[in-house]
């Protein structure tokens with residue numbers, strides 16, 4: 001009996017069943033995907049590191065020209081004698097400057113991420129920090145081939161089969177064919193090029209300068225402080241000539257976590273939305289089906305045919321579709337989640353099937369059970385069917401009640417289609433709650449995604465993420481020109497002073513700013529030690545938007561970055577103790593000192609570690625680096641492009657970038673990530689809204705057949721009936737757009753602040769809104785699309801006649 005009922009239900013209303021099936025499959029796939037991505041972001045990270053035997057700390061140290069083995073032995077013993085070190089592997093690498101590597105089809109310096117990059121050659125003999133191919137499998141290389149990291153594949157456009165030309169330290173040129181794109185969970189972001197043993201030996205003979213690689217594993221459960229202590233102690237050794245230091249927990253790059261966390265968060269939100277829509281779809285269709293067959297069900301109830309098994313026969317279709325969608329979700333979720341991890345996240349490996357299969361099975365079963373439970377809840381409406389109501393047609397006492405809503409004879413200036421549409425929304429608004437919900441959340445998610453992209457791909461993000469204030473242009477000289485100016489000025493600061501004098505002499509009202517900084521200094525707060533960075537001699541500090549407090553004025557007053565300070569329990573008014581190197585009176589030698597500072601304000605930027613910004617009264621610290629930031633033009637906006645062109649004539653076309661060019665240059669990586677997210681989710685949401693429209697109209701046209709037939713019998717044309725439906729659709733779309741905009745600027749705005757805080761970025765996130773495009777043009781376009789789909793479903797109106805009332 002169950003299968004006979006199932007066959008009948010599936011054959012009836014095929015369009016509705018197809019839409020319901022697609023809904024459930026999409027929800028199940030996304031739910032499984034979300035669960036697997038959550039797994040990859042938690043337990044999966046540990047499994048990835050175990051698979052490649054990742055070291056906790058990696059130090060690339062220069063070799064001495066003489067006594068190589070002695071130095072290696074001393075440093076190895078130093079590492080092994082430290083508490084907490086469990087394993088040490090000593091390897092070697094050959095470094096190449098950017099100009100020594102030529103990737104086929106890549107225009108040099110076209111990507112900020114790869115500008116002035118340093119590449120490191122390895123063979124495949126290391127036991128720690130191994131790499132895999134894109135399928136997360138270990139590999140071998142043939143003679144004359146090379147393996148390049150996924151980051152090069154993404155940003156330099158290098159593909160399998162391309163040629164890489166390498167110029168060695170002695171000037172010889174070798175060409176290699178790319179055969180593998182690598183994933184590197186242990187040292188992701190470190191540009192490692194891999195060769196087979198024979199090719200590596202050839203490069204080694206052509207490279208007088210070879211560096212040692214110390215790969216250190218610490219005890220299980222080691223922390224940020226354990227790794228930073230090792231790194232700092234090593235840096236203070238006389239034999240420390242480290243070119244590269246990386247600690248797994250010291251890495252300040254959020255790129256991989258950002259991509260994975262953002263995708264996971266969006267998939268969870270989208271899957272929850274889809275599940276809610278599945279529930280509403282089931283509820284809507286079951287109620288409609290019960291209403292259409294209410295007489296038959298009432299008669300059966302009058303005959304005493306009423307039981308739970310009978311009710312479940314009515315739900316056979318939903319159980320079968322739910323079971324099928326759960327199976328599709330199981331396999332589809334595994335497949336698509338592994339594709340996401342493979343192509344969209346660089347530092348993650350595809351999880352082993354045996355590890356994620358239980359997660360996928362449990363998630364699929366949960367989806368099935370939840371849907372079945374909801375079907376059971378929806379079937380309770382059958383118990384409310386009254387035999388008396390079935391016989392009387394629910395007309396008891398109807399003539400004595402006041403009819404609610406609008407009256408056409410009191411609104412003579414309104415046309416009938418508009419009146420009917422308005423009456424539907426005032427008298428039967430509950431009937432359209434499913435449609436309003438779908439449209440509201442669909443439009444809200446699209447606006448949110450566009451606003452995130454508009455925010456991340458802007459100067460706002462450069463300021464908040466990298467601590468670089470508002471700027472008008474960026475000076476980015478070639479290596480040769482930069483070296484020339486540094487030689488003339490004696491330092492980067494002196495070079496910038498020369499540039500500023502040249503600009504002043506050319507009557508260009510522009511200033512190139514710079515900032516001095518030291519990294520990995522020791523900060524103590526409430527007896528807890530933290531690693532921090534210190535920034536001083538920075539002209540732009542006063543331009544920062546304060547999150548809390550005031551700007552520092554006295555020598556012992558400092559600002560701190562808000563997000564890391566809050567996470568470390570540091571508030572405005574707290575005292576912190578800072579250890580740093582300070583110059584002696586001779587200005588040449590320096591010593592380590594410890595001083596107390598007062599935190600007077602917090603700025604909402606994310607540097608990746610605790611950051612201290614001093615006042616103008618602070619003398620500075622030794623062993624400081626410098627960076628160019630905050631270049632401004634003191635002129636009206638209309639004249640800035642003219643001055644930029646003058647500077648390009650002085651320093652070269654490629655040495656000066658305006659604000660828009662700098663955003664494209666510096667944020668191309670972020671832009672690529674979020675463009676991918678937009679291309680994935682916005683079409684899915686639009687398709688979802690289209691299917692909801694078709695689903696609703698397929699049910700609605702059946703329910704409204706008597707009304708439409710009576711209208712046509714009364715002299716109204718097909719055009720009047722279609723206008724009624726289209727006006728109602730437009731009203732619902734516009735109303736949903738207004739609700740969506742309110743939702744975006746309230747609950748979603750609050751959620752985004754929490755999301756970006758938890759990702760480790762900024763506290764006071766503000767979306768870069770484009771009111772005209774996102775709040776006006778976009779809702780109009782979506783309304784037009786929905787009306788067009790609605791219009792296509794109205795072809796059945798032409799066939800509806802008064803004779804069909806007998807069939808209802």
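One-based numbering along the chain as shown.
Every residue, even glycine, has its Cβ placed from backbone N, Cα and C.
As the structure is a computational prediction, the values presented were derived from the model and not from experiment.
If you look up TrEMBL, you'll see 20-40 (among others) marked as transmembrane segment.
The feature transmembrane segment is assigned by TrEMBL to 263-290 (among others).
What TrEMBL records for 268-386 is domain 'ABC3 transporter permease C-terminal'.
Sequence-distant contacts of the transmembrane segment (310-336), counting only residues of its own chain at least 6 positions beyond either end whose CB sits under 8 Å from a CB of the stretch, comprise 1-3, 5-6, 9-10, 17, 20-21, 24-25, 27-33, 35-36, 282, 286, 289-290, 300, 353, 356-357, 360-361, 363-365, 367-368, 371-372, 375-376, 379, 382. The transmembrane segment annotation in TrEMBL covers 310-336 (among others).
According to TrEMBL, the feature transmembrane segment maps to 356-377 (among others). Sequence-distant neighbours of the transmembrane segment (356-377) (same chain, 6+ residues past either end, Cβ-Cβ under 8 Å): 24, 27-28, 31-32, 35-36, 39, 275, 278-279, 282-283, 286, 315, 318-319, 322-323, 325-327, 329-330, 333-334, 337.
Through the fold, the transmembrane segment (434-453) approaches residues 266, 269-270, 273, 276-277, 280-281, 283-284, 671, 674-675, 677-678, 681-682, 685-686, 688-689, 692-693, 696, 732-733, 735-737, 739-741, 743-744, 748, 752, 767-770, 773-775, 778-779, 782, 786 of its own chain, all at least 6 residues removed from its boundaries and within a Cβ separation under 8 Å. What TrEMBL lists as transmembrane segment is 434-453 (among others).
Long-range contacts of the transmembrane segment (672-696) within its own chain (CB-CB distance under 8 A, at least 6 residues past either end) are made by residues 15-16, 19-20, 22-23, 26, 154-155, 258-259, 262-263, 266, 270, 274, 277, 281, 284-285, 344, 434-435, 438-439, 442, 445-446, 449-450, 452-453, 456-457, 729, 782, 785-786, 789-790, 793. Sequence annotations record features per position, and here TrEMBL assigns transmembrane segment to 672-696 (among others).
For 732-752 (among others), the entry in TrEMBL reads transmembrane segment.
Sequence annotations record features per position, and here TrEMBL assigns transmembrane segment to 772-794 (among others). Sequence-distant contacts of the transmembrane segment (772-794), counting only residues of its own chain at least 6 positions beyond either end whose CB sits under 8 Å from a CB of the stretch, comprise 439, 442-443, 446-447, 450-451, 454, 686, 689-690, 693-694, 697-698, 701, 721-722, 725-726, 729-730, 733-734, 737, 740-741.
Sequence-distant neighbours of the transmembrane segment (20-40) (same chain, 6+ residues past either end, Cβ-Cβ under 8 Å): 260, 263-264, 267-268, 270-271, 274-275, 277-278, 281-282, 285, 318, 321-322, 324-326, 328-330, 332-334, 336-338, 340-341, 345, 348, 351, 355-356, 359-360, 362-364, 367, 371, 684, 688, 691, 695.
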